[in-house]
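Participant: Below you will find the structure I want to go over with you.
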Amino acid sequence: MKQIFKLLFLWLMAFTIGACTNKDKHEHHEVGTTEAGTTYTCPMHPQIVESAPGSCPICGMNLVPVKKQASTEKNAGSIMLSETQMKLGNISTRPVQMEQVGSNTILTGRLAVDQTQADLISSRAAGRIERLYVKETGRSIQKGQPLYDLYSESLLTLEQEYLLALDQVKAFPEEKQFASILNAAKRKLLLMGLSNAQVNRVAQTRQLDARITFLAPTSGIITEIATAEGVYVAEGSLLYRLSRFNTIWVEAELYAQEAAQLQVGTPIEVTVSGISDPIKTKVTFINPEFRQNSQVVVARAKLPNPKGLLIPGTQATINLPARVNQALTLPLDAVIRDARGAHVWVKTGENTFNSKMVTLGAESANQVAIADGLHANDTVVVTGAYLLYSESVLKNGSDQMTGHDH
């Protein structure tokens, strides 16, 4: 009898242990495979989550289904999309490529008078301005054209000395001393601004005139008139400022980081309003110091202006060439930027992607260089990256993104 009870007790113990073992296996299987159900979200606004199909209340896009599975350590950093999501999100990939990347810098400049082509006309003698032949700025004048009449007692004295020297030469033609005095007297009149024709006329007419007409020493455009009729002027006083516009300056103000891209001789392209084709030229000058009361320096280039179409004061656009380097590059849309930094989505399997942090380099209008974080054989999402970002936010929360590889 005792033997029967003993066998019965052992059989009950074995049954209990077996039942507990099967239950543990069943529960473990459920943890790894049970689906939490399907929800519907907007690819562009992941904060919109619904339990049934519909449209996004923000942008009107159709909500896409998202199957939630219990996360495991293996797939915590990955996002798997259905074929429908791939099509709706326009997900496309491409391998990272070595390409040239760099962006041109666009500066705003202004045309200015070429100061090397400017002339100052000053009074050669003290006296009174009797007449101005040009009274408006912007007028074009030619060399030899009358500019002003000056009444000057000092010029009258020089004319008298010249006529006296002429008389001495005629009276004593063999005396070289008088010939030297005559040459010196004539040279004084020429240095005072009289032309050879005016000096010869004094010799021929033997008439003294304290009112002398002064002629333009060069051709150009009158840009400044610094006197008026009836004004007494001293020797050396500014009367006119002339400029020649066969060449024009273009000047631009640059910050220090922009100036670092330039040096004298750097090729640039200048676009001017009203001129159809860009003008190719080179930087001719960079100011070695900041402009007063500012943090900018002035760079300058010279533009040819044979037809006179370039007008000082006109606004211009200056295109600085980029420093082009070879680097791993991606389209700008492939890079997601958030509070944690920049990251891309790398393809790790069929419709499966993993977020990867990257360090960015130089950017152009459409491309960005990847300085660190990717290899040449990596395949990266180049369109639809924001759908993956939305999926990641749904899976891991909006405050942080798990699965970032560093």
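For all residues, glycine too, the Cβ spot is worked out from N, Cα and C.
Model, not experiment: these values are computed from the prediction.
Annotations per TrEMBL:
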type: SIGNAL; residues: 1-19; note: signal peptide
type: DOMAIN; residues: 40-66; note: domain 'Heavy metal binding'
type: DOMAIN; residues: 120-242; note: domain 'CusB-like barrel-sandwich hybrid'
type: DOMAIN; residues: 247-321; note: domain 'CusB-like beta-barrel'
type: DOMAIN; residues: 326-385; note: domain 'Multidrug resistance protein MdtA-like C-terminal permuted SH3'
Participant: With Cβ-Cβ distances below 8 Å as the criterion, list the same-chain residues six or more beyond the ends of the domain 'Heavy metal binding' (40-66) that contact it, or say none.
Facilitator: 82, 84-85, 88-89, 386-387, 389-391, 393-394, 398
Participant: Please list the DSSP helix, strand and coil residue counts for the domain 'Heavy metal binding' (40-66).
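Facilitator: With helix first, then strand, then coil, the domain 'Heavy metal binding' (40-66) has 0 helix, 9 strand, 18 coil.
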Participant: Helix, strand, coil: count each for the residues of the domain 'CusB-like beta-barrel' (247-321), based on DSSP.
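Facilitator: Here the numbers are 4 helix, 36 strand, 35 coil.
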